[in-house]
């Protein structure tokens, strides 16, 4: 983490300091300790007290003069010398040296000298020791000699302007005048094109912006070319230009900054906590344009990803709990560069007293379904009593779970300068410091106003925030002991051991099974509204996104005061989920390839617990096949129909292939003889799908003539007809003597009395067990492995998940903009995948109905097969596409049919695939590995 600039104390005496002018452009601004700097200059410095020279030292000490929005800061290069801060509001007179009447002390005033007469000065970080500021009061005069004397007039004029701004009565007027000064200087400069890495770079965009770090914003110019992103600070601090190569960018996020949509954060790594650059723009359009340029450049749409795209990876165990929480924080506008929106992590351990930490005991853990403020029932009762008596707008908690003060409470040992800045140059009272893990947790449970959560550092690898390695004098507690290292719980042998056990707790089975409950509170549907009230999770209205519209506040003083209050109090993360968050799939064991996992059953779900157990060898062969799915090769192809192929069914031994077509025929093809053996026509209407009953004795076909036909292979004749719909039957499924039929008449019907081996001697009596009604025509259906769930896809783009045990709908998800082409459950029944005419592949969590992943292609994907992680889809153009759902990308494109791929079949071992298409062909594919 950026620890900011150092501060120090001052030894009385007179200094003469000669330093280099480190910024060529006088137009410079840096915010140090919440003040804005306009110049960073080389000076000679002479100090007077009460207008009397103390002594003259001819030694030359180099350093920087930083002229800021509300102060002047002198920072010597010699670290033993103190940093000097002069508030502009305390200045009595500013001008060229000699104009203030001080030149009588020397024979001749030099041409580049500036004189400041003031009544108060701060001395900071003497001998490079971080300690509370020392303040000296009384009339004093400091003289600074610029190495570049030609800048003197401009520097003095800027100082006088800023001094006038600091003396204005109203804070809003001060802010407005300072902003005007800054914008005037920015308007007179532009990006130096000589800083480009190559003369062949093509400029795309240039605009004004600020580079943001904690408590420090640095104005300048942003420039983006066809290969690089540049930021050039006006004052050349911390370096003349910051450059990021676009091909290194991995993630970009739009940010709220000061409650406005002005921020953009760029990461060149996938999982790091801190970004490579955080930019704040002056206009939202500039931010959006720059985001567009970077996102367009990135390959495979590696730009800003949705929360749902990470949810699937987390559920499947491809992201740790820590990584997932980092991604959610990033997506919710939390950044390490913004202390008012610092990443928030949960307390997960409730036991800080035992000698050993037992992660197998649920009692070890905090209740993640409740906010910190609701963990203590007695305290909660008092808070609720106050809440009920409170006038609108009501809130339960008078402080937030994340604020700049809380962040620096945890980080004071590695970022002491920040706390000194926020607390007017002083550390907090020693007894209120971060002294003990156990004490801090106890206060969060019992304190009247303490509801804070943790920060990512508690689950990282760097122990420095727990150790007073800087040997800071943080004060003495009431018991007489000095504040030093953080006191650890008995079960932690060292700071390293504490962090490791904290990480183990975060990744434990208990937390994995309950983390979704905490996500609901912080990022999800329990963050706002009636669900937040029911979860006792209501904070002050100003902490929520949209809680106040700053643009609607006309009074500048009120606007500045409101913004300051919000930034200091804390902000609730941006809401990412509006429905219950899916649970994580907790693996019982991991497959050797780690491409799919076998998971514990869903609690309170109709998913059968028995459907996740398979023989190891079968599972290994399936995993091996899906790992090599990109190596699919065409083996044979045959044109056996006159119109598009609509369905494929294969006998158990693989010798006979049955296909249906829009040419109204059911055909039987011998794979061994490679010849067409039978062609059957039931009517003059198209057939839409087919399936083989167990035993391979009967083929069932659905038809656009509203009927379902049963064909006996042994007797080579139609043996029965089910007339059960009022419009075309679009898809059929069968399981355990039950037939499921979907129709354009807006229904899915469940039929009984259909044995696996039907005789041709008598007609069957079909009994309708259930009718699942829809609003529009149903185009596709699919069963889960245990046939306890059914998913249907409609003409208008809705995916419906049904509980077949009760014939009730569980979820209705409008996730496509056109007809749903195909749907299927994952092998473990945790997820549903759907494809549509809109070209989207959508993954839905079965338990919650949440859309957790959505990938897009430039054409419809008409059919697919999948293993829960990877997808093989047939496209409108005839290609077969291999999708990596977890990586969010297309892994391979395989040339296939000359028209749309309309149906696809895979054997149980996942080694053989058959596709049918609009080109009237069936194609046989083999995996080569």
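Glycine is treated like the rest: Cβ placed from N, Cα and C.
Automated prediction, rather than curation, is the source of TrEMBL annotations.
Listed features, source TrEMBL:
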DOMAIN    198-295  domain 'BEACH-type PH'
DOMAIN    299-584  domain 'BEACH'
REPEAT    722-752  repeat 'WD'
REPEAT    771-812  repeat 'WD'
REPEAT    813-854  repeat 'WD'
REPEAT    894-929  repeat 'WD'
TRANSMEM  21-39  transmembrane segment
- Within the same chain, the residues 6 or more beyond the ends of the repeat 'WD' (771-812) and with Cβ under 8 Å of it are 606-608, 610-611, 727, 730-731, 733, 735-736, 738, 740, 742-750, 818-825, 827, 829, 832, 834, 836, 838, 842, 844, 846, 848-849
- Residues in the domain 'BEACH-type PH' (198-295) per DSSP class, helix first, strand next, coil last, are 15 helix, 51 strand, 32 coil
- Counting by DSSP, what is the helix, strand and coil composition of the repeat 'WD' (813-854)? 0 helix, 24 strand, 18 coil
- Query: What does DSSP give as the helix, strand and coil breakdown of the repeat 'WD' (771-812)?
  - Reply: 0 helix, 26 strand, 16 coil
- Query: How does the repeat 'WD' (894-929) divide up by DSSP, counting helix, then strand, then coil residues?
  - Reply: 0 helix, 20 strand, 16 coil
